[in-house]
């Protein structure tokens with residue numbers, strides 16, 4: 001290869017330099033440039049120091065290329081800049097999991113108390129509204145009336161999960177905003193190697209990066225919503241769903257830390273597995289079918305056994321297609337809650353409800369026993 005040199009001059013200062021382009025090897029290597037000046041001093045070559053890449057940025061790049069999540073895991077390889085794995089970092093997420101689960105069921109118990117208290121008043125309000133509706137002249141093509149008619153045609157379970165689906169769609173749209181990528185990676189993906197460990201445990205339950213992943217999860221949630229809410233009730237269903245999201249994420253934290261495969265995950269699969277397992281445990285003889293193969297039916301009990309076996313095998317064999325630890329943790333929590341958790345948690349809510357009742361009934365115009 002010919003050597004090349006160039007001479008340039010600066011009229012204002014009369015400085016002249018020769019620039020020699022020296023090459024090291026010609027095959028597969030970058031060229032290295034050295035500059036020699038007439039004053040005799042040699043300028044030291046610049047060192048190309050690698051730019052420090054934060055774990056959030058690495059996860060975002062991998063997320064954009066893969067587009068997979070707590071269904072498919074978004075990272076194919078562990079984060080290279082992750083800190084050494086340590087089970088001591090999981091103490092804070094453990095405390096958060098216990099506290100959040102307790103708050104979820106406590107809030108659900110108070111919510112149910114308030115719902116029962118206002119049910120009689122709501123009944124009379126609805127009767128009065130129907131009577132006024134008959135007197136009011138009807139408007140053809142009233143959009144609000146059509147929306148109300150559609151809403152009233154839904155089951156209680158479908159109305160309950162509508163808000164969950166809307167939240168998932170909103171978070172999915174936020175993933176498409178370029179300026180939100182750093183925030184989404186920090187708070188809406190769960191990663192045991194990340195700086196923030198607690199709040200992403202619940203936020204990632206409403207987070208999907210792939211449209212197919214979100215559509216599949218929301219379809220399963222919609223399909224099982226009527227059965228689950230009829231078995232548990234609206235308030236208990238919400239407590240189980242939110243707690244399942246945190247518990248399944250904590251199970252994922254444990255397995256990732258133990259295996260050393262530290263990477264971000266997201267999705268509602270763990271919480272949905274809890275709902276699916278609870279319904280299958282309560283109705284094991286119910287007939288289920290796959291949407292693409294409606295001619296093949298199987299019992300709910302058989303489906304639950306197959307799902308647990310598949311996720312257990314994937315966890316042991318190290319499959320990377322899904323976050324099998326989160327799926328398995330969610331399914332086991334659903335099984336435990338139906339067999340033991342309902343008796344231990346929900347049926348012992350009376351002391352909390354009594355305290356709330358005393359707080360509500362005691363006021364400036366009430367006596368010591370809560371009576372006016």
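Here the Cβ of each residue, glycine as well, is placed from N, Cα and C on the backbone.
Because TrEMBL annotations are produced automatically, they should be read as predictions rather than curated entries.
These come from TrEMBL:
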type: REGION; residues: 44-82; note: region 'Disordered'
type: COMPBIAS; residues: 46-67; note: compositional bias 'Basic and acidic residues'
type: TRANSMEM; residues: 94-113; note: transmembrane segment
type: TRANSMEM; residues: 160-177; note: transmembrane segment
type: TRANSMEM; residues: 197-216; note: transmembrane segment
type: DOMAIN; residues: 201-339; note: domain 'Peptidase S54 rhomboid'
type: TRANSMEM; residues: 236-254; note: transmembrane segment
type: TRANSMEM; residues: 290-309; note: transmembrane segment
type: TRANSMEM; residues: 321-339; note: transmembrane segment
Do any residues of this chain, six or more beyond the ends of the transmembrane segment (290-309), have a C-beta under 8 angstroms from a C-beta of it, and if so which? 219, 273, 276-277, 279-281, 283-284, 327-328, 331-332, 335
Could you give the residue numbers and ranges of same-chain residues that sit at least 6 residues beyond the transmembrane segment (94-113) on either side and whose C-beta is under 8 angstroms from one of its C-beta atoms? 197-198, 201-202, 233, 235-236, 238-239, 242-243, 246-247, 250, 345-346, 349, 352-353, 356-357
